[in-house]
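Participant: Input: one structure, supplied below.
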Amino acid sequence: MNPYVLTILLSSLGLGTTLTFASSHWLLAWMGLEINTLAITPLMAQHHHPRAVEATTKYFLTQATAAAMILFASTTNAWMTGEWSINDLSNPLASTMFMTALALKIGLAPMHFWMPEVLQGLDLLTGLILSTWQKLAPFALIIQTAQTIDPLLLTLLGITSTLVGGWGGLNQTQLRKILAYSSIAHMGWMIIVIQYAPQLTLLALGTYIIMTSAAFLTLKTLSTTKINTLATTWSKTPILASTTALVLLSLGGLPPLTGFLPKWLILQELTKQDLPIIATTMALAALISLYFYLRLCYAMTLTISPNTTNSTAPWRTQTTQTSLPLALFTTAALGLLPMTPTIMMLAT
């Protein structure tokens, strides 16, 4: 892609998210989301592969539907209350419609069906942008309006997403689809606690972005998108194979890795709110997700590559990308748990 065009598209991505962050008026927030969608669409279709074009079309239709619902909800709210301010979402019909639209935007279950299919059609770097940066603007709106949304709806979205994210990833062989289901499960953890402690939602979003970035950059370095090609990594880059296994366990939420931090604090908050059944359900749903992360770790570090693999398996990874972002994200994904007391002090 032409570097000037790429610069304009990435700048527009940043502009759209910043506009939504800074807006207090519904139309401005909607405009920011639309700029975001229109900026990432050419990035998704840049390889002109039929799968990429199909994924781009699915993504565009989904996001356009969600944007239309947001516009309809905000118009309904303005019609009923006479207010266009984001903080005055007092009409229950408008708030429910608005939350449903944002759930469709970020891929919360049961509005998640587009997410694995779209991510599977993209290259890894565009998939990384879709899984991380594209979640920021909708989450800014959800956090601002969380107190006006029906608590039962938020709880149902959270539990369903965590269960579907765990269950859907069990039988997958494509790494991008596994990361898509991982994303759905993590979104569920963020939504379940948003009505009680929005700062924990931000913490979970931050750690999710760090861990997902480390996972995507690793797969990009290894040039792998399937489980069976993971088995060849130990012979090419043994150190990267071991750190990748740890990053996957961090995504699963095992101590003493970074991924344990948000899950621990969210379960603690749910218990404080006298919701032991929801906390237990979330913890058990996390175990389902942990199974497929362990499966990836097993394929990567404990098996020898089968002779029947269809993809080329070079002995040395040829890569032109800089390894600094990978090193930084991997370090952060593995070692932030000791920062817990500081984070808890800042969060309360």
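From the backbone N, Cα and C atoms, a Cβ is placed for every residue, glycine too.
Keep in mind that this is a model prediction, so the values were computed, not measured.
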Participant: Which one of 30-48, 239-257 shows up in TrEMBL as transmembrane segment?
Facilitator: 239-257
Participant: Over the domain 'NADH dehydrogenase subunit 2 C-terminal' (290-344), what does the predicted model average in pLDDT?
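Facilitator: Result for the domain 'NADH dehydrogenase subunit 2 C-terminal' (290-344): average pLDDT 80.
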